[in-house]
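*Asks:* Encoded as structure tokens, here's the structure I'll be asking about.
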Amino acid sequence: MTGDWISKITHSGLKSWIEEVIALVSPDDVRLCDGSEAEYQQLCQQMQDAGVMTPLNPELHPNCFLVRSSPSDVARAEQFTFICTKTQEEAGPTNNWRDPQEMRAELHALFRECMRGRTLYIVPFCMGPLNSPFSLIGVEITDSPYVVCSMKIMTRMGASVLAMLGSNGTFYKCLHSVGKPLAPGEKDVAWPCDPEHMRIVHFQDDSSVMSFGSGYGGNALLGKKCVALRLASYLGHQQGWLAEHMLIIGVTNPEGRKKYFAAAFPSACGKTNLAMLMPKLPGWKVECIGDDIAWIRPGNDGRLYAVNPEFGFFGVALGTSETTNPHALATCYADSLFTNVALTADGDVWWEGKTTTPPQGMIDWKGRTWVSGGEPAAHPNARFTAPLDHCPSLDPQWNNPQGVPLEAVIFGGRRTETIPLVYEALSWEHGVMMGAGMSSTTTAAIVGELGKLRHDPFAMLPFCGYNMAAYFEHWLSFATKGLQLPRIFGVNWFRKDEHGQFIWPGFSENLRVLEWIFRRTDGEDAIAHRTPVGYLPTAEGLNTSGLDLSEDALRALLTVDAQGWKAEVSNIRKYCSIFGADMPQRILEELSRIESELK
């Protein structure tokens, strides 16, 4: 076993943790990752030799690879995701709670000798710009070269992070294994995993993560959802900041004035499409800072500032096309990994919605010849992993260690009725109620839940690392700190008519909604009118010029459906009852206000 990693680590706490893990998991070899391009290429070559990775046609996708996972390891596994806090009360009713001591014992049994026959990789990573007051350092120990390569794209990773950590910095311990030890001479499978014993566990007492049995994105790239949301939200609650499941964009109007917005949507509701929106309206510009996670802190001037802690995109491929998101296709043109997409005869990738006609002679995501009219060629949760700086609409402030000031926070979901196209909260408290009441039709990003309506407060249901009622209270507390808070808005691109057709054209036309939000943050009063559920655009207030949208359709999008809203309020109140006495009274008061005003 190579011991040269020891000489490169000056942090005694990190050194002793690594030694502890090695003793527990018994790897054949140990490797400290430096994050270099040479290391990345060597690991990609190793995976090609093992039949795990397929290089794409370099003329179509330079330095890109396709990976196929096991069909039993294709999405975030919420039923195996646990939050361990001293008391169950601290984790709250929306999290799977386990006693930390019991869970540690269970995991130690699973991890014992689990890396036999494999290489243990030490992956130092930084969430957030290097040397930013926002940033957190983690070290992931993993036995998956796919994870190492993905972490190079998704995080700032390697020697520079180790240097920043120094000999006494704080770091988050992240231990990951695919859970498939190899006996001497045993041949490995292309995608090792152990679905029966899958565990993704967060220990809030020492800010550590242990993940076993899955090699898939959110379960295995522990910097992403585990550190940047579940651990960071807990930390933010203690320290007075927010870790949110939000995109961050810069919107510039034709006069050249720019504002930054953050927006929360549940998985697969168009976050990446909005983050990379290509405006059709002349003179407008939308630039991307991130498409998934925002860390938000009060700045010295009293405004809220946001950074994207990530370094890459882990985007849903399905439906991404030159029409829906040309910037996403440009982003993953080179230096990207594709997981569970189809492979075309000429060495390109394909997924449903990429083109109207599927190419002939494809290999599907399970490695079989694809048959037209049969199963989908790509898995519905197929992904591209692409570098942030490859995005053609990347905002110049993307790496600013201080973050960017937010003027609007937007909440959205996939709702076919009741919820208007856009509306503005009457107050911060009303806005927090809007976030707490979010619900959406579910998608393939979550195992076993396709097509149901589920509550997803702030789009944080799977990612909040502590009691959600305390999280709502934390959001409310920002109104008492004398801050210059962003305005809060709700949007819904997904209303349908009586024929089941989407009313709003969506995609690049969503800029028209951003334009209204932009003007509202400028204090334009004439473009909105007050209703019980918030400020809605007046008929003339929303720019619909050049849109094929009838007056009836516009009315449907911008009218308060009193009966629908009464049902909505009652539904939210019923959901909030799961939090019992912990539920903040201010949110319940907002629900009562809406109800009484609707009468």
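Cβ coordinates are placed from backbone N, Cα and C, and glycine is handled just like the others.
Note that the coordinates shown come from a computational prediction; the quantities given were computed from them, not determined experimentally.
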*Asks:* For the Mn(2+) site, Swiss-Prot lists K225, D292; sort out which one of H197, H245 goes with them.
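*Replies:* Same Mn(2+) site in Swiss-Prot: H245.
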*Asks:* Given that Swiss-Prot lists Y216, G217, G218, S267, N381, A382, R383 as binding substrate, which residue among R68, R76, R520, R530 does it place in the same site?
*Replies:* R76
*Asks:* Going by Swiss-Prot, A268, C269, G270, K271, T272, N273, R383, F507, S508, E509, N510 bind GTP; tell me which of R230, R414, R415 is listed for that site too.
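*Replies:* The record-listed residue among the candidates is R414.
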*Asks:* Which entry in the list of binding-site residues, K225, R383, has its Cβ near the fewest other Cβ atoms, using 10 Å as the limit?
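*Replies:* Sparsest of the binding-site residues K225, R383 by Cβ contacts within 10 Å: K225.
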*Asks:* Within 10 Å of S267 (substrate binding site) (Cα-Cα), which of the binding-site residues K225, D292, E509?
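*Replies:* Those close enough are D292.
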*Asks:* If you count the other Cβ atoms within 10 Å of each Cβ, which of the binding-site residues R76, H245 comes out on top?
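*Replies:* Top count of Cβ atoms within 10 Å goes to H245.
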*Asks:* In whole Å, how far is K225 (Mn(2+) binding site) from G270 (GTP binding site) when you measure between their Cα atoms?
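*Replies:* Answer for this pair: 18 Å between alpha carbons.
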*Asks:* Sorted by position, what residues of the same chain at least six away from D292 (Mn(2+) binding site) have a C-beta under 8 A from it?
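*Replies:* Set apart from D292 (Mn(2+) binding site) by at least 6 residues yet with Cβ under 8 Å, we have K224, H245, M246, L247, K271, T272, N308, E310, F313, F314.
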